[in-house]
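Participant: Got a structure here, written out as structure tokens. Questions coming.
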Amino acid sequence: MTTKFLEKLSNNLNDLFTNGNEYNVLIEVGKAPNNQVFKAHSIILSSRCPYFKDKLIYDNGNMKKIKVDISVSVRVFDLIIKYIYTGIIALNKVTASVLFDLLISSNTFGLDELVDHIQSLLIYNNALWIQNNFYRICQFIIGNDNFKTLQQFCVNVIAQNPKIIFDHDEFITLPENILIFILNLDNLQIDEGTIWDSIIRWGIAQNPSLLLDPKKWSDNDFLTMKSTLKNCLPLIRYFHISGEDIFEKVSPYQQILDPDLWANIMLKFMPSGEIISSSSSNIFPLSSPTTPTTPNYDDTKEIDIATLKRYAKDCLKLKRYDEALSNLNKIVFTEPTNPIALYDRGVVYLMMNRFIKALKDFTKAIELKPDYALAFMNRGETYRMMKKYREAINDFTKSLEINPNNSWVLARRGEIYSKMGNFDDAIIDFTNSIEFDPNNAFALRCRGLIYHKLKRYDDALDDLTKSLEINPDDPIALKNRSDIYCIMKRYDDSFADLNTLEIEPNDTFTLKNRGLTYMNMGKFNEALADLNKTLEIDPTDTVALYDRGVTYLSMCQYGNAITDFTRLLEINPDNISALTNRAEAYRMLQKYNEALDDVSKSLELEGNNAWAFNRRATIYYMMGKDNEALEDLNKALELDPNDVTALNHRGETFRMMERYDNALTDLSKSLKLDPNNTFTLRSRGKIYNELKRYKEAIADLTKSLEIDPNDEWTLYDRAESFFMLKKYNESLADLTKSLKVNPNNASSLGLRSVIYVKMNKIDEALTDLTQSLKINQFDISALKNKSEIYFNMKKYDESLVDLTKLLEIEPNNAWALSRRGTIYHISCKYKNSIKDLTKSLEVDPNNAWTLSARGESYRMLGKYNRGLADLNKALEIKPNMASALGSRGAIYYMMKDDDKALEDLNKSLELDPKNEFALKIRKKLVADKRKSKLVRNLSQIVKCDFTTGVIAIGVLFAIAVGYGYFAVGVVIMGVIGAFILVDFVENCCWSRCVILVPALKLRNGIAELSLQENFAA
């Protein structure tokens, strides 16, 4: 097995080129001041590029300098040299003009692979640019076999529209070799007389001394012209030029033609002359059919009018229109007022698609014979071919006034009515046509197509089936019947029709139709295969581009869809369907501005397009522009009040605007029109959810799930309704099913985790939240819920990790800041706590819980006034907040305001009798009050009788020691002794300065120590 590591090799060579290490070639490109020198390596240049291989001659390893002697810009050469080194070329941001310059330069450098690639890019991505620069492109690529792909593309364009060359302002500057190449094309769709005019114009331009009027030319002037055109004249199809053009256009220049050739031309077009086949190799011989009924044009006897008519009729049957025309020209020349001859010649012109001349002959025939029904019929057909439908209808109607029973005319008029959208009159005409000719397959097929458009599928199926009984191989009837079978979900019958279609290798029509049918059936890969093949044959086929774009759109390949719609719009900028579908692709990629531009342009082209208003409203909705969306939806519903899609979208828009009554009105109306629309049922169910009408929500969502049991979001919505009704088991069942449909539905995982918490299934909840965060590590809700679970489990470190991640995503999330601040408080990190809580309050300044928590942190730091301020504000917001009352009571206790402390603590315990913190503080406060009373009593005794006081202290000490609490006794003696000593000394002036200060310190220190011990507990 062979393994290729080309990517790394390419990267290494790119580094070598970029760094320029060990280079031995300097390449100068461009002219000063826009020139640039590139460093390169001879071994790579000579092995990769024929141009440089020829240029590189080694001089004992010396540095080689190369001046690029071809016209190439620095930008183009930069692309080429990087391609030479890496085999990679980035052309996504290169303009078509630069791309073409790159093509020409790549050819000069001998980079065949690049030449082939760029030709394809130009054709597929830049068809409009090619059209606008066609003349310039032809000058470079015509006759150059290295550009076969692009050359063939241009040849097809020239053949179909030769005027793009012959009518160009710079035609006279065309090189002779390119002109000869074009004249050699067999399928140019242009009048030969026009070609003659162009050749003469080109010849005169090559000789500026020649006058425009040939009547003023000398013999030398004619010889000069003949010499100039010597390679062009043999390529003119003289016998394809009309007699009128021969005499008006060619005869003034007869001196530049070979005398024998001119004699043959004159004999051919003289009314009484003979049809002579020239043996000269300078003219193209007329094609000869193999059938033995072909007239012999080598007969030299005079041909009468009757014979000419017969010959013309035979040639017309054999589709030898040029020869038929030649004979009819002679007849008309001889009998200019013969309406039948004019009519017959008009028919030939019509078959040759020379519509103007056909109209002229039919009109003259009608002037000569006003009741000529066939002339009216074929003039109507000519107008139809020219898409002049009003004129065609007028002529068909006049023909039917003369001959009302002409089934063919009725069918053709019906076809035009159908194209104009007048289906009622079209059906009448087709029905009458079928009455006169029950086997008119065309009329049956066309009426079937109308029924198809009107969604009368049974009637359409009947007509198309009858049409196919008469003409089994009609691809249009087969395609449409296949479509109808598909709509009716008769897929086997649909495939049977598709398989009946025999597709030739280059039959783009049938390929497109089958691709479209596959697309409508949801067989997107098969559709792509047919449409890709169509576009390989004709890269500018707008129908195939559109259908493939829609296929990509259906496959969610939005970038490919945009590419196809963009190519189509380069060819036809006003294609409304392409604009609206490209807008949809942009919308799905969330490129709302681009989508908005496309839909708005489509509405400029067609202001009453309800679908476009609907689509633009959706875009506005996604951009959060609800009022603009509402305005467009109102317009859509003015155009079609029963537009279910518009009603649904307007209902959804009202929902987002919290205008629930309006939303319910629209959605309820939509459901009357389409009771089984799952989107509408789900939307109304969501509104009922938001209105807390959960039972009604469940009813709508259940009906939707009966239609589509595996809709993950409808399952989620119903689970939400069950959850709100505390039907956790039902909610859990829906969420579990939703996650079977899509295991990566983070919303379902999140809600299920909440239910697991409610059911005390903590491990399952954490599993769901962990999975949700694997799907989306930035899921705020999952991080919040997971951190909260850990918090309630008192796993503060794990909770802190999730909260920190959440705050990296949303630094100003007030809840997360408050919760993390609380954890810091619990962890005795009071400064960190205050920092987070302060930031949280900057976002949400009236959050009572956060204020209370910060007040508590300030208390622990001994900042009682700040703590008191926060707790006061918290209690203004929530007066019955038990925890805040307890904390404020503790601060009052620390500030020795026992009455206020006791009031807050009592109220806190009324609200929350199990508040352990408030209970402890109140118990301590009561104990301190008793101790304080004892001390005051002893002090009073001492003041009255110092000896009695000392005895009392001794008694207390003895009691404590007697019960085994020696340490307690010491503390009692110390505390009471200090108080007594202070009181005693205060009454003794002589000892105040010596004893009072240390005694006061001792008393206050003991009191402070006692309080700290209490709060630590």
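Keep in mind that glycine also has a Cβ here, set from the backbone N, Cα and C atoms.
When I checked TrEMBL for this same protein, it listed these features:
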- 23-93: domain 'BTB' (DOMAIN)
- 373-406: repeat 'TPR' (REPEAT)
- 407-440: repeat 'TPR' (REPEAT)
- 441-474: repeat 'TPR' (REPEAT)
- 508-541: repeat 'TPR' (REPEAT)
- 542-575: repeat 'TPR' (REPEAT)
- 576-609: repeat 'TPR' (REPEAT)
- 610-643: repeat 'TPR' (REPEAT)
- 678-711: repeat 'TPR' (REPEAT)
- 712-745: repeat 'TPR' (REPEAT)
- 780-813: repeat 'TPR' (REPEAT)
- 848-881: repeat 'TPR' (REPEAT)
- 882-915: repeat 'TPR' (REPEAT)
- 949-982: transmembrane segment (TRANSMEM)
Participant: Roughly where does the repeat 'TPR' (576-609) sit in mean pLDDT, to the nearest integer?
Facilitator: 90
Participant: Go through the chain and flag residues at least 6 beyond the ends of the repeat 'TPR' (882-915) whose CB is under 8 A from any CB in it; none is fine as an answer.
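Facilitator: Cβ under 8 Å, 6 or more out: 848, 851-852, 855-856, 859, 862, 864, 867-868, 871-872, 874-875, 921-922, 924-925, 928-929, 1011, 1015.
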Participant: Mind checking which residues of the chain, 6+ beyond the ends of the repeat 'TPR' (542-575), have their Cβ under 8 Å from one of its Cβ atoms?
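Facilitator: Same-chain residues near the repeat 'TPR' (542-575) but 6 or more away: 124-129, 131, 508, 511-512, 515-516, 519, 522, 524, 527-528, 531-532, 534-535, 581-582, 584-586, 588-589, 605.
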Participant: Give residue numbers and ranges for long-range contacts of the repeat 'TPR' (508-541): same chain, 6 or more residues beyond its ends, CB-CB under 8 A.
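Facilitator: 123-124, 127, 153, 156, 475-476, 479, 482-483, 486, 491, 494, 498, 501-502, 547-548, 550-552, 554-555, 571.
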Participant: Would you mind splitting the domain 'BTB' (23-93) into helix, strand and coil residue counts from DSSP?
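Facilitator: Tallied per class, the domain 'BTB' (23-93) gives 26 helix, 14 strand, 31 coil.
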Participant: Tell me the residue counts in helix, strand and coil for the repeat 'TPR' (373-406), as DSSP assigns them.
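Facilitator: Breakdown, helix to coil: 27 helix, 0 strand, 7 coil.
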Participant: Same-chain Cβ contacts of the repeat 'TPR' (407-440) under 8 Å, 6 or more residues past its ends?
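Facilitator: For the repeat 'TPR' (407-440), the nonlocal Cβ contacts are 377, 380-381, 384, 389, 392-393, 396-397, 399-400, 446-447, 449-450, 453-454, 470.
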